[in-house]
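Novice: First the structure, then my questions, so here it is.
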Amino acid sequence: MNLFRFFGDMSHLASILILLYKIHATRSVRGLSFKTQALYVTVFVARYLDVFTEFVSVYNTLMKIFFISSSCFVLYLMKGRYRPTNDPSIDTFRVEYLLGPCALLALIFHYRWSFLEVLWSFSIFLESVAILPQLFMLQRTGEAETITTHYLAALGAYRALYIPNWIYRYWSEDVIDPIAVTAGIVQTALYLDFFYVYFTKVLQGQKFELPA
Amino acid sequence: LGWDVWHDEL
């Protein structure tokens, strides 16, 4: 564990707490993509099934349980308690265009030919594009609540911090995980456009608005 | 170079 990864994980944790706070404070899931949240549940369940078969550390196990349970809880909030505030008509990204290619990539690129390993690869590829329905929705509506942009920024920072973590691990431990690194770089790149608007507008005290 | 399966990250 190095500081890049630790702060990356903390940023991921913070992003989920910000998301739960947003839903609680505004009593609404407006501006959130149900499809992205459902993809995160898929990602976490597919990857962290190994919580039953592998033990890395107490930290690792607790985080896995937290990510699975909090993502499921968010889905419940969106489809249960706050359903009336969810607007599926603007959440129109076609997720099958993500699921199919990711499944295919996992069948081609994996470290071992076993069910859990192919599922692990699938989750890595899917995580890299899971934010697309949310970003697509943002693009469509052209604006976002400030708190929602903080959520996205924390989520993007988590992925960005994993990149120096991999460089550090390559240098200090001589290990490299080409599947995670490739997908991680793609995932971080998807946030660049968002980060530009976040830094130039939201952090200057303005509302998140995209040019018409 | 460690190409071993290494799933200690989240």
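Glycine is treated like the rest: Cβ placed from N, Cα and C.
These came from TrEMBL, pasted as-is:
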| type | residues | note |
| --- | --- | --- |
| TRANSMEM | A:58-77 | transmembrane segment |
| TRANSMEM | A:97-113 | transmembrane segment |
| TRANSMEM | A:179-199 | transmembrane segment |
Novice: By Cβ distance under 8 Å, which residues at least 6 away from the ends of the transmembrane segment (A:179-199) in the same chain are close to it?
Specialist: 109-111, 121, 124-125, 127-129, 131-132, 135, 138, 149, 152-153, 155-156, 159-160, 162-163, 166, 208, 210
Novice: Can you name the far-off residues of the same chain, 6+ from the ends of the transmembrane segment (A:58-77), with a Cβ under 8 Å from a Cβ of it?
Specialist: 1, 9, 12-13, 16, 19-20, 23, 29, 34, 37-38, 40-41, 44-45, 48, 51
